[in-house]
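Asker: Quick one: the structure is below, questions incoming.
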Amino acid sequence: MYIAGIMSGTSLDGIDVALVHVEGNGVDSKVELIHFTTVPFCKDIKNEILQALSIDTSNVQLICSLNFKLGLCFANAVEEVCKKADLSLEQLDLIGSHGQTIYHQPKQEGNSISSTLQIGEPAVIAYETNTTVISNFRTMDMAAGGQGAPLVPYSEVILYRHQTKNRLLQNIGGIGNVTVVPSHLSDKSVIAFDTGPGNMVIDDVCQRLFQLPYDQNGRIAKQGVVVDEILTYCMNHPFLKMNPPKSTGREQFGEEFVSELLKRFEKHGKENLLTTVTMFTASSIVHHYKEFILPYYEIDEVILGGGGSYNRTLVEMIRNGLKEEKCAIFIQEDIGYSSEAKEAIAFAILANETHHRNPSNVPSATGAKQSVVLGNITFPPIR
């Protein structure tokens, strides 16, 4: 089957679309990446997403309209990746769309129950591409008592399991998340959870202080020094003290967190602030390994993915934090994969599993009461 996986993450870099060919289903599936592209958001759409993400600027009319606008954007992105791969839409069998997360509340707070909302209307995607769309992957896991995240562990088992090596798969997107993929698999041996901010805080600080979308290759962070006072403040965040399974997002590490950070510590200088929040991402990752993984698993390899794996300063900080551990550290490209395409590929794989009615959440990672089939299916019109 030819499947397009669509991912629009918390970092708002754009729309990632992976066109893959999948043979079979289940953990023995064979997955081949045919083509990958990122379609940047136009300025107006990105601004509307940012407005929708903020409780202060969001409203129901905005979210309602944006839901359909993003559906059209996602459909156009699918058409673009197929065109670049010289594949007609008629040859495309399935689309897996994660959608754009507007709000994610993994646990009950007061009168608000655990819930999540991703937008990007699947009916629009299905109509425009004339292809079946599977979307809303997180909701069934949450209905089953899970946190709806992380969902990539199932795909990581398919793509990265090794006969003799225990591996850690660390994604560094807007949020960081880790998956333990042991050489001998069982339902309870695969664990996964969010490790805290990935690029989210780094990018926000970079945009506010340097008017740049991100710190390319970690060049600016390399120029500063880590301020212990700031790092201690960040590492005392309550999320880092929670036991897995757990998930997080902009609700905890978004605009409000960064605004408070800059208000408290702006006197320390721009470069030092960026260096320190880069170290915060690295330290939060290392902290979670040493606290929740390394005491229980003998890890052979750590494989870094996501946009953060291109930040050389961040990667070096992670290496230094793990230098006493007996594990090799790679990025996706070192082993023949793509850091950028990883999550889009994951949702193509999850779509394939849903198409075959296979459960694809990992309860030991999300906290769900049971394994469930993920997603809603939207069929195109008969033409």
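Each residue, glycine too, has its Cβ placed from N, Cα and C.
From Swiss-Prot, here are the annotated features:
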type	residues	note
BINDING	GLY9, THR10, SER11, LEU12, ASP13, GLY14, ILE15, ASP16	ATP binding site
Asker: Based on DSSP, name the secondary structure state of ILE15 (ATP binding site): helix, strand or coil.
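Answerer: Once the DSSP labels are grouped into three classes, ILE15 (ATP binding site) ends up as strand.
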Asker: Return the count of C-beta atoms lying within 10 angstroms of the C-beta of ASP13 (ATP binding site), excluding that atom itself.
Answerer: 21
Asker: Would you pick out, from the binding-site residues GLY9, GLY14, the residue whose Cβ has the largest number of other Cβ atoms within 10 Å?
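Answerer: That would be GLY9, with the most Cβ atoms nearby.
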Asker: In sequence order, which residues at least six apart in the same chain have a CB under 8 Å from the CB of ASP16 (ATP binding site)?
Answerer: ILE6, MET7, SER8, GLY9, PHE36, THR37, THR38, GLU340, ALA341, GLU343, ALA344
Asker: Using a 10 Å radius around its CB, how many other CB atoms surround SER11 (ATP binding site)?
Answerer: 21
Asker: Fewest other Cβ atoms within 10 Å: which of the binding-site residues LEU12, ILE15 wins that one? Let me know.
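Answerer: Among the binding-site residues LEU12, ILE15, the sparsest Cβ neighbourhood within 10 Å belongs to LEU12.
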Asker: So for THR10 (ATP binding site), how many other CB atoms are inside 10 Å of its CB?
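Answerer: So the Cβ neighbour count for THR10 (ATP binding site) comes to 22.
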Asker: Should THR10 (ATP binding site) be counted as helix, strand, or coil on the basis of DSSP?
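Answerer: Its secondary structure by DSSP: coil.
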